Amino acid sequence: MSRIEKIIAREVLDSRGTPTVEVELWTEFGGYGIAKAPSGASTGENEALELRDGDKARYNGKGVLKAVANVNDKIAPALIGHDVQDQLGLDRVMIKLDGTEFKKKLGANGMLAVSLAAAHAAASELEVPLYRYIGGVQAKRLPVPMLNVINGGEHADSAIDFQEFMIMPVGAPTFKEALRWSSETFQALKSLLHDKGDITAVGDEGGFAPHFSWAYAKQDLASFKAKTPAEIALDLLVEAITKAGYKVGKDGIMIAMDCASSELYFEDKKYHFKKIEKVTGQEWAFTTEEMIAYLEKLVNNYPIISIEDGLSEKDWDGFVQLTEKIGDRVQIVGDDLFTTNPRFIKEGISKDAANSTLIKLNQIGTLSETVEAITMTQKAGWTAVVSHRSGETEDATIADLAVAFNAGQIKTGSMSRSDRIAKYNRLLQIEDQLGEDAIYDGYATFYNLKINK
């Protein structure tokens, strides 16, 4: 047993220049841990609360001094003297101290930073890597990365309503090679955009945020019958993969999408593509049935292996229909739908509303609750995708967690911005440490799809 001796929280900045919480934690026998909380732009309505100050005179109301004070004045006194290796116990102390379902009193940003700092300190004291401390000797599976190379939606000032278009190097033999393939494809995409006269500025997660004016000029803007912005993006990805010299498909690189459809869903229960409407000057909206048909069309025409939040978090029946329609050949990932909350994941499993869960630690607020969410997901035969948020820092904890949980997939941005690259570099270190024991499943990571049986 090693007791927690000191906890200090402070306000620092994330990748958007927005405040977040950093926590340092020390133990009596020299253990030390540090962690920072991430922050999302498009958030599910059932996420744990990210406590902000609301003082418009500081950071436009986005300061986190309240959350910092809660750590220093309330959480720290409650945890000093607690066994740092009792992760479940110390998380329960914070949960009880908060007393609300969605961490509305203390704030999930402060609680998560404490929870992760404690895990880092425990691993430090035992002189083992974090992935080994949490996952034990079985932690040796490197995740297939989902690299967000085209940004849209809330993550970028681009022409695309869907939020993320990602490449997945499923045919690579190792994680190291997977990153090389991805980097070369990213550079090929940049070259293509440049040649077409489009911008190569990047969004919050390091992917490009094109305007597609070159494509709009060639078709009927009023109908988009030729190509929708999503199809233009998908065509570009296929072209970039080929230009980089790789195969398109399971022996090379496949595509994943995050539609972030909760952001498109309005009171009329239709999905409104506001960016298309801005270009055309006309309403562009889908019913649930039309949205499912549109997604199925994309899957039929492009090498798409994963769709996240294809429908709104309020459209549970639609998710069931979508999973029934294409869930045997495509990973249907619930993000806003489940918010890493075991209660909602359990409901999703019972309804067959998806076949995969996105894991975002700050949606639930503690490491032990995250473990519960992943365990529940995997026991159901679903896949788990460990994920960053659009507001990140140099903290690379999720890289260790992806390996610790043998998750098989990680979603942590593109091949630019050091807040994203930090996670990939950490995974390269882990792969090197594991040596011949390192496993990279590639396409086999989609073990629950019929195409792999």
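The backbone N, Cα and C atoms fix where each Cβ goes, glycine too.
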Listed in Swiss-Prot for the (2R)-2-phosphoglycerate site shared with Lys360, Arg389, Ser390, Lys411, one of Gln87, Gln138, Gln163: Gln163
Candidate sharing the Mg(2+) site with Asp258, Glu308 (per Swiss-Prot), from Asp335, Asp336, Asp352: Asp335
Residue from Glu205, Ser390, Lys411 whose C-alpha is spatially nearest that of Asp258 (Mg(2+) binding site), among the recorded positions: Lys411
Residue from Glu308, Asp335, Lys360, Arg389 whose C-alpha is spatially nearest that of Glu205 (active site, proton donor), among the binding-site residues: Arg389
From Lys360, Arg389, Ser390, Lys411, the binding-site residues whose CA lies within 10 Å of that of Asp335 (Mg(2+) binding site): Lys360
C-beta crowding around Lys360 ((2R)-2-phosphoglycerate binding site), within 10 angstroms: 26
Between Gln163 ((2R)-2-phosphoglycerate binding site) and Glu308 (Mg(2+) binding site), the C-alpha gap once rounded to whole angstrom: 10
Secondary structure at Glu308 (Mg(2+) binding site), reduced by DSSP to three states: strand
